[in-house]
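Below is one structure, written out as structure tokens; the observations come after it.
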Amino acid sequence: MALKLSNSALVVLCLATSAALFFLGTGLAPVWLFTWLAAIPVLWIAPRVSAADAFLLAVAAYALGGLNEWSYSRTVLPTLLVVCILLATACLFAIAVLLFRSRIVRGKLWQAVLIVPAFWVSCEYLIAVTSVHGTFGNISYSQMNFLPILQIASVTGIWGISFCIFLFASTVAAMCSSGTVSTKISLVLAVFVFLACVFGYGIWRLAATPRDSATVKVALIASDESANIHPQTTAQAEAIFQRYAEQMKPLAAQGVQIFVLPEHSGPVTDASQAGFDAFMGQMAKQTDAYVAVGIDQSTSNATWNQERLYSPKGSFVASYNKHHLLPHFEEETPGTNRAVVTDASGKWGMQICKDMDFPHLSRQYSQDGIGLLLVPAWDFVQDGWLHGRMAVLRGVESGFSIARSAKLGILTVTDDRGRILAERDTLGVPFATVIATVPVRHDATIYSRFGDWFAWLNLALLLVLLAMPMIGTRFVKLSS
């Protein structure tokens with residue numbers, strides 16, 4: 001099935017098309033439709049060239065597409081590590097292409113179609129459970145503007161979205177290969193029914209959103225001015241908290257019930273703890289609202305990246321220490337606790353920024369029955385949309401609303417279906433604020449109860465598909 005040299009222009013076209021689609025369909029500002037199409041040209045050309053050429057084409061297409069995060073990645077990681085990660089991920093995609101090719105050339109269309117999504121989901125899952133960055137980089141986040149497909153995450157977790165993307169791509173490529181008409185018809189009908197059920201469920205879940213849930217009015221406040229970003233002393237912190245207080249007072253007149261301030265808003269030590277608690281408690285009392293704030297908590301024994309919550313009565317309610325710290329940037333002690341607050345509206349939980357990259361913690365909060373998560377955060381400007389939307393998916397998976405206040409990012413309020421109830425970029429203004437009425441609704445999802453069952457199903461499917469050629473060869477030998 002190898003192409004002649006005269007058709008090398010077709011190879012270059014497929015490479016360029018896939019690279020462009022990956023570039024536009026993934027990364028920091030993806031166009032969700034392009035993600036579904038990105039793998040098709042390389043998968044289509046793979047059986048028509050040698051295995052070595054197919055591998056190199058796939059590596060080149062994915063790596064070139066991955067350059068959409070080049071400038072951003074080098075702000076948080078060493079350049080050599082960025083290159084290594086990019087090439088390693090491109091090689092995984094190339095292996096998926098080779099697995100597809102090996103089945104297509106033997107006429108095993110069903111195996112070819114299934115092995116691509118099974119391999120990709122298996123790799124994403126194993127990376128997520130072993131990486132300090134959790135699910136960051138998962139291709140499913142490219143779909144955050146496509147609400148119907150997001151709803152499958154309430155059943156399968158993030159893994160179902162990736163599966164659908166690559167199932168579609170491998171099916172289209174397989175339909176353009178050689179094979180019997182009956183096999184192609186049965187295959188395309190099966191995939192069509194499966195995807196129709198996925199999208200049908202998504203549309204139904206969006207339409208079936210309960211309308212009678214309790215609600216609260218939240219206000220998110222953040223400042224990107226240099227004097228407010230990362231104070232180093234308690235005196236600087238006190239000045240910042242005073243400036244935040246000045247922003248809170250006029251917002252309180254609009255009936256705000258919860259204020260959420262960003263992560264790392266200022267250091268608090270043993271010596272300044274009592275004064276800080278008294279000040280924030282007074283602000284909560286004056287505004288007649290809860291106040292959640294992210295601080296750097298230092299004691300004689302340890303330091304924590306901490307979120308503290310104060311009640312409208314002026315009392316301290318709860319604290320939460322960040323579990324998943326950003327490598328090379330945060331040297332605090334990782335937290336182990338969860339914090340759940342019971343209000344007349346329902347139960348609220350507390351997380352901080354990068355914690356939302358890890359589905360397991362949000363699933364635990366779902367099992368606690370929370371309906372709203374309060375999340376101070378700190379992004380890196382370029383990743384403001386992506387990192388905020390990653391958090392949104394945790395709410396879809398585990399069934400709760402989210403109020404995420406991020407400096408150098410986007411203030412975001414979302415419901416348990418992933419709808420954006422309110423958002424505002426923090427750039428360009430001294431203080432960015434957003435107010436929204438958010439449902440406090442706990443939705444007991446299948447994913448929150450059974451966890452990563454779909455990822456394990458893909459691992460099992462992959463093992464079966466990998467074993468089938470060996471089983472078939474052994475059967476033929478025994479028969480002869």
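Backbone N, Cα and C atoms are what each Cβ position is placed from, and that goes for glycine too.
Note that this is a predicted model, so its numbers are computed, not measured.
The transmembrane segment feature in TrEMBL is assigned to 54-73, 79-100, 112-132, 152-173, 185-204, 453-476. Positions annotated as domain 'CN hydrolase' by TrEMBL: 216-440.
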Six or more residues beyond either end and a Cβ under 8 Å away: which residues meet both conditions relative to the transmembrane segment (54-73)? 11, 14-15, 18-28, 38, 41-42, 45-47, 82, 85-87, 89-91, 93-98, 101, 380, 382-383
Whole-number mean of pLDDT values that fall within the domain 'CN hydrolase' (216-440): 97
State the residues, same chain only, that lie 6 or more residues beyond the ends of the transmembrane segment (112-132) and have a CB under 8 A from a CB inside it; answer 'none' if no residue qualifies. 39, 43, 92-93, 95-97, 99-100, 103-104, 138-139, 158-159, 162-167, 169-171, 174, 177, 187, 191, 324, 327, 358-359, 452, 454-455, 458-459, 461-462, 465-466
